[in-house]
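Some notes on the structure that comes next.
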Amino acid sequence: MEEDILYHFSLSTKTHNLPEMFGDIKFVCVGGSANRMKAFAQFMHHELKLPGIPEDIRDICEGTDRYCMYKVGPVLSISHGMGVPSISIMLHELIKLLHHARCRDVVLFRLGTSGGVGLAPGTVVITDKAVDYSFLPQFEQVVLGKVITRSTELDEGVANELLQCSSELQNFPTVIGNTMCTHDFYEGQGRLDGALCSFSHEEKLEYLRKAYEAGVRNIEMESTVFAAMCRVCGLKAAVVCVALLNRFDGDQITSSHDVLVEYQQRPQVLVSHFIKKHLGLVA
């Protein structure tokens, strides 16, 4: 095509020099919240000891209100909204952006929050396999009325390296386990506290027990499409989420604001350490 308009990023191959803007990107970190990804960009600015003031980082996507995007040296920090549809739109345009910018050897990370399954609040989960509601490592995409099934296996080497980074930091508990991706926050995750609920407390616990036995250690809403699209496109990727609660103990998040803020920083600290190791900034 003569021009590729990345509509939801407010970028285009005709109006922007993408290789000049993004050609040095080596790490892409995505997360649901715009505020959290701005904070992560400012954190990375400090961690990489870059010149300038972190608070002055500009949102590259300021021409749209769908997503935010910040570039900090070789690191791109992008929000993806909530759920599979929102992150999939972002990923299509991100992967095209990396292609047009001629980026090479890029590693992608999804940083997020989740509900733990048999884990203490604050535990960080590095995803082994992203699984669906039936605990299978697959993502089903409807294309032209037909269901296309794609594998959701993530890069084992990146996951193991992240686990090694966590042992070096020794700041918080970290495990590798399967992550279950659901289509919503309430019924799909077996919550009893939504506007609709058609099952009992005992049925919920039985489902969570089956999930745990299948290796599931946390639940969120984006990992399967993230893993599937990265795998199809040959991109190394990892999902790193902190558990805000143990779903066996309840459905509502009751920790204080300050505690939740610290929990949400844990995946950022872990991935930051990974990035700094690859850049030769830490031993």
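These residue numbers are counts, starting from 1, taken along the chain as shown.
Even glycines carry a Cβ here, placed using N, Cα and C.
TrEMBL entries are annotated by machine, without manual review.
Since we're looking at a predicted model, the values are computed, not measured.
The annotation domain 'Nucleoside phosphorylase' is assigned in TrEMBL to 26-276. On the 0 to 100 pLDDT scale, the domain 'Nucleoside phosphorylase' (26-276) averages 96 in this prediction.
If you look up TrEMBL, you'll see Cys61-Cys68 marked as disulfide bond. Cβ environment of Cys68 (disulfide bond): Ala34, Met37, Lys38, Asp59, Cys61, Ile78, Ser79 lie under 8 Å away, each six or more residues apart in the same chain.
The C-beta environment of Thr113 (phosphate binding site), restricted to residues of the same chain at least 6 apart in sequence and closer than 8 Å, consists of Gly32, Glu220, Cys241, Val242, Ala243, Leu244, Tyr263, Gln264. Per TrEMBL, the feature phosphate binding site maps to Arg66, Arg110, Leu111, Gly112, Thr113.
Per TrEMBL, the feature substrate binding site maps to Gln189, Arg191. For Arg191 (substrate binding site), the same-chain residues lying six or more positions away in sequence with a CB closer than 8 A to its CB are Phe185, Cys197, Lys204, Asp251.
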Please give me the CB contact count at 10 A for Cys61 (disulfide bond), counting all chains in the structure.
22
Could you tally the C-beta atoms, other than its own, that fall within 10 angstroms of the C-beta of Leu111 (phosphate binding site)?
26
Have a look around Arg110 (phosphate binding site) and count the other CB atoms within 10 A of its CB, chains all included.
29
Rounded to the nearest Å - Cα separation of Arg66 (phosphate binding site) and Gln189 (substrate binding site):
26
Which of Arg66, Gly112, Gln189, all binding-site residues, has a Cβ with the fewest other Cβ atoms inside 10 Å:
Arg66
